[in-house]
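Report on the structure given below.
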Amino acid sequence: MAGTTGTRTTGAAGARETPPGGASGRPRRAAHTRSRARRGPRLHVAVFVAPFFVAFSLFFIAPICYALYESFFTLQSSGLGLTEPTIEFSGLANYATALSSPAFVGSLGRVLVFAAIEVPIMVVSALALALLLDSARARWRAFFRVSFFLPYGVPGVVASLLWGFLYVPQTSPLIDILSAVGLPHDFLGPGTILFSIANIATWQFAGYNMLVLIAGLQAIPQELYEAARVDGASELRIAWHVKIPMVRAPIILITVFTLIGTLQLFVEPLILKPLTTAINSDFTPNLAAYNQAFGQSNINLASAEATIIAIISFVVSFGFLRVVNRKGNRAW
Amino acid sequence: MGSRIRTAAGALAAAAALGLAAACGGGGGEEPAKSAAAASGDPANPVELTFWSWVPNIQKAVDAFNAKHPGIKVKLETITPGPDGGYAKMLAGVKAGNAPDVAQVGYDSLPSFLVNGALEDITQYAEKDAAKFVDWQWQTGVFGGKVYSIPQASGPMAFYYRKDLFDKWGIEAPKTWDDFAAAAKTIREKDDSAYISTFAANQAPWMIALAQQAGQQWFSTEGDAWKVTIDNPDTRRMAGFWQKMLDDKLVKTEADMSNGWYKDLQTGDIAGWIGGSWGDAIIRGNAPKTSGKWAVAPMPQWPGAAKFASASWGGGSASAVLKGTDHPAEATAFAVWLTSDPESVNILLSAGYGWPSIKDTSRIPNLQQDDTVFPFYGGQNIWDVFKEADAAVGLDWRWPPVSDALYSTLTDNAKAAVEGDGTLADAFAKTQTAMVEQLKAKGLNVVATGG
């Protein structure tokens, strides 16, 4: 407050100091400023957003267009292949190849199953952590908030390597303990590998999603809690009937994040692949596209697969948003 | 497209010009001398060459070359290993017209480089040096009678084993695959946690080497078509052998060169490894406390084999002269010197580049006595075993122009077999089908197959 007053005084003093002629000049200057306000900002805006748009076009739009372009061509050799190959336009042939490949379609099915497992686990655990830290009885909030968030700071590759050590029998203290008490401990078998990957993803991102939800929880007006307490609501009831409905938007946000993340699953299976026979090079759609590009040197097919993955991610996430928004604010 | 045609036309014109120059050089007798003179360059105005490689410490060999060849100045650029992106970078370089003059390319990848039009025909500069190199290694760079690359090194295979444990269990190094199975059984009986080896379904080059040793080869050419014979009787017999080992649980199924496997090497839970000559560094590096307890024996043999047969893990590596170089003669001279000069070979050997491609290894000091290696194997000169193995690698093995696809397909199929989805024999049959489809999809000719 004091600062504001001070500024105002200085401003007034400054105005008083202006010579008499200035008084007549002032409206003109104001008019000039106003006209610049109409014309100028457009230039300012352009200057300020240009770096973003240049980088965005160069490193985002252009590669996408190039991938789209590449996906319509095929490299054709002939005979023994000792002569230089030709590039031929092949229309949607690469898309047909991708969608008729059991390996690629299988990988799509696999990540959908994975999403069905991972998304609920992620949302529920992030919400549970957020509510615990937000509850009135929570102690050492800052400490726990940082600890839960810490795994997010670990790069995905490192996280996968770390868990990889914990999943391999020869190096894992975890498995020593589990086998000592007689619990099942095959983390890398064909039946358990998806859960082992889900575990890594949850460990890594639950803390981040929790922070998003905590931000939402802290924005809830205290009056609502007071009103609920006056009505005799318990902490649990407040959580269920006040807090969760109030963070509906962040919950939807983290659901979409997780959905996109699971559909684009890549790093974890790539790192765990050498450790297990249960992960092949077409385990997830992203891994399949990577394998086509760098394992089988078929950039064109890889581009088609990447495009398909992008379209599916787009459709699934926007489809999800439509569904929850159609149900509207009434039904949850 | 347009620029590519222009580049190709330019290369053709250059090649034609060179041919003309050679033809105008006068009598045939003078020609070799002339090309040799051209290859040594002019010290006052040295020819500059760029060389891409990922062999550690290869700089020392390049320095040695530069010191001895004032007319040629080679600049080394260290790149990521080929399969991890190095090859993609080279092919992009050829496409863009800024590729290095000489690049390290695996034997298994040379055909796909050729299919991509990335190799320079160096027949006229290299032919005279053919005799310096081991036949099968030299042949990896020869296609349709033309020379495209100079062999560097290979990875001949042998059986590394824990001699102390074998002695304790009362078994000897297996001479045949039947001995191998019997030894595996004995080990399982004598020690609850120990295995003779792992079946590395993750390791396509390893499985391919097993097939290579078994007899009939996988790829050959017939006229202007590729013949694919992955699913052949010899490979099926080899697959059947390992399938039985898996069924009887006589081998582990963990990935080789993984953390679990290294741990097993340290504890002796894995007592043997059919590995390449460069595998020595891997064992020494990861199980240093087992020093003195290892020994190396030749690869077990199939019954009824006419002569001793071995194989090379993933083939090996070559120095390829890439399309677009302005100095093919100097590039070839460098590539030849790098892997045939005893000093250079000795440097590369200690850098771990593999088994030398030259025939005469008698002048390579490190192969006669190596105080860092031999004590680890209780004083055994293990290089004698690998020398014999390298000489026993089949001459007729050809890599297809789709070996990267071969690797990933075979690995996937073998992993499925280990998980119980079909047998190993099925895995090779499925790989055969996939490779035929892959070659056809590229527009290449494929003849009816099946061994």
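Cβ coordinates come from backbone N, Cα and C, glycine included.
Not measured: the values here are computed from a predicted model.
Sequence annotations record features per position, and here TrEMBL assigns region 'Disordered' to A:1-37.
According to TrEMBL, the feature compositional bias 'Low complexity' maps to A:1-21.
If you look up TrEMBL, you'll see A:26-37 marked as compositional bias 'Basic residues'.
Residues 303, 306-307, 310 of the same chain lie 6 or more positions beyond the ends of the transmembrane segment (A:43-69) yet place their CB under 8 Å from a CB of it. As annotated by TrEMBL, transmembrane segment applies to A:43-69 (among others).
The domain 'ABC transmembrane type-1' annotation in TrEMBL covers A:108-320.
Residues annotated as transmembrane segment in TrEMBL: A:111-133 (among others).
As annotated by TrEMBL, transmembrane segment applies to A:142-167 (among others).
Under the heading transmembrane segment, TrEMBL lists A:187-206 (among others).
TrEMBL lists A:247-267 (among others) with the feature transmembrane segment.
According to TrEMBL, the transmembrane segment annotation covers A:306-324 (among others).
Sequence-distant contacts of the transmembrane segment (A:187-206) (same chain, six or more residues past either end, CB-CB distance under 8 Å): 110, 113-114, 117-118, 121-122, 125-126, 129, 148, 151-152, 154, 156, 159-160, 163, 166-168, 175, 257-258, 261-262, 265, 268-269, 272, 275-279. Same-chain neighbours of the transmembrane segment (A:247-267): 111, 114-115, 118-119, 122-123, 126-127, 130, 156-157, 160, 197, 201, 205, 209, 212-213, 215-217, 220, 284-287, 290, 309, 312-313, 316-317, 320-321, 324, 329, 332, counting only residues six or more beyond its ends whose CB sits under 8 Å from a CB of the stretch.
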